[in-house]
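Shown next, in structure tokens, is the structure this report addresses.
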Amino acid sequence: EDFSKAMSQAGSSQFQEVIRQELEYSMKVELDKILATASSNELEHTKKDLEGFKKLFHRFLQEKGPSVDWGKIQRPPEDSIQPYEKIKARGLPDNIASVLNKLVVVKLNGGLGTSMGCKGPKSLIGVRNENTFLDLTVQQIEHLNKSYNTDVPLVLMNSFNTDDDTKKILQKYSHSRVKIYTFNQSRYPRINKETLLPIAKDVSYSGENTECWYPPGHGDIYASFYNSGLLDNLIAEGKEYIFVSNIDNLGATVDLYILNHLMNPPNGKRCEFVMEVTNKTRADVKGGTLTQYENKLRLVEIAQVPKAHVDEFKSVSKFKIFNTNNLWIALSAIKRLQEKNAIDMEIIVNPKTLDGGLNVIQLETAVGAAIKSFENSLGINVPRSRFLPVKTTSDLLLVMSNLYSLNAGSLTMSEKREFPTVPLVKLGSSFTKVQDYLRRFESIPDMLELDHLTVSGDVTFGKNVSLKGTVIIIANHGDRIDIPAGAVLENKIVSGNLRILDH
């Protein structure tokens, strides 16, 4: 009985191997056909992209199920995640400029503003006093360079979706004191979920072909940065570390204390990779967390967790921190690992349904997942203020309000707010798109004393409204609520129909 069971298992794994080989062969044939349509000036980078994609596809066929063995996950050792206070307590050296001159700021700029109803790159959405995410970033770095007389460059990782629009806008910074470089992340073909073959028939990605391609997540930064030649150029200029963050995280400013800790480590041994983590709140249950796994720090994302353990993963008590995606990485280490093809990142399978109803998958990786490939990695538990992402118009309302003051491109929480937590804001579907959201506020309300705001339905706000405590405003279907100018709502529930008519 055991023998026949073993035989059938061997048979099934052999059978699976044959299927795998056939799928890889079919994929190769299709990719060669696509490559054959490339013009001579597209050939080189298309070839690199498709090679990278082939490697990812090969790994995708090998791996089955969630990629972590839950039993091996341990809490990280005490000293592997340091409190920010301890890093800050070391103070700063006199020669902070020489430390800053070793730094490059990299912003992940591949995303579109579609989730907020905007066309074009998300980084060009106005966030505060007409300033876009990109404006604020440039202002921050320019302020650093002027204050310390340094030359910290800004590098933008664009995708094929954002590259043209971003390059056009960069001309407006030509006189600012920041060198700006860009490179493009790879362009990979989306795969038909049923056949596991690419849906693209040629290399073009305009018109009806835009849906055939995707940028493969920010884990692609290592290969793209290296392939672009920019990594080598920056090393040649004497740069040693990059600070990487999402361009829509307004809290991700250059932190001199963390930089000093990297350049002048207390034990003389430099970290190759630092991940900023921060304490979870109930709103962050889906964020990736740092764990100890096979004696290495490892980022575990919700997609990798076996179904039976998802609730445990989300619990705030067991996994207290999550990854902010603010990362500090040694350039020499990226070069070394990239040349050895030794950067190991779990594959994220992202299913999508296209406009025509076709189900596709895109294979992606996350930049922080590479932490286990670097030597002497470290987590730093930073204050929540370093994580201020703007993903929705609810987030936008917070950063546009008087909760924050703007200084040299950096947002800091107003000293007039008595407690440093951010209010919980939930704006309903009438506010999802930026232009609808802007139309519904004549001016941004005073939110200094707000704890919680929920708005649902057709609601508009007049000028100089004040919101305090918990405010819930619900206009039922067909009703409309106009909050009058100068209204002060404190711990109020407003529902039904409220039209203020000018007489």
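Numbers run from 1 along the shown chain.
Each Cβ is built from the backbone N, Cα and C atoms, and glycine gets one as well.
All TrEMBL annotations are machine predictions without curation.
All chains included, 24 other C-beta atoms sit within 10 angstroms of the C-beta of K122 (UTP binding site). What TrEMBL records for K122, Q185, G217, D248, K391 is UTP binding site.
TrEMBL lists H218 with the feature substrate binding site. Listed in sequence order, L108, G110, M157, Q185, N246, N325, T365, A366, V367 are the same-chain residues six or more apart from H218 (substrate binding site) with CB atoms under 8 A from its CB.
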If you measure every Cα to Cα distance among K122, Q185, G217, D248, K391, the residues said to bind UTP, what is the biggest one in Å?
21
Near the Cβ of D248 (UTP binding site), how many other Cβ atoms are there if near means within 10 Å?
22
Taking 10 A as the limit, how many CB atoms besides its own sit near the CB of G217 (UTP binding site)?
23
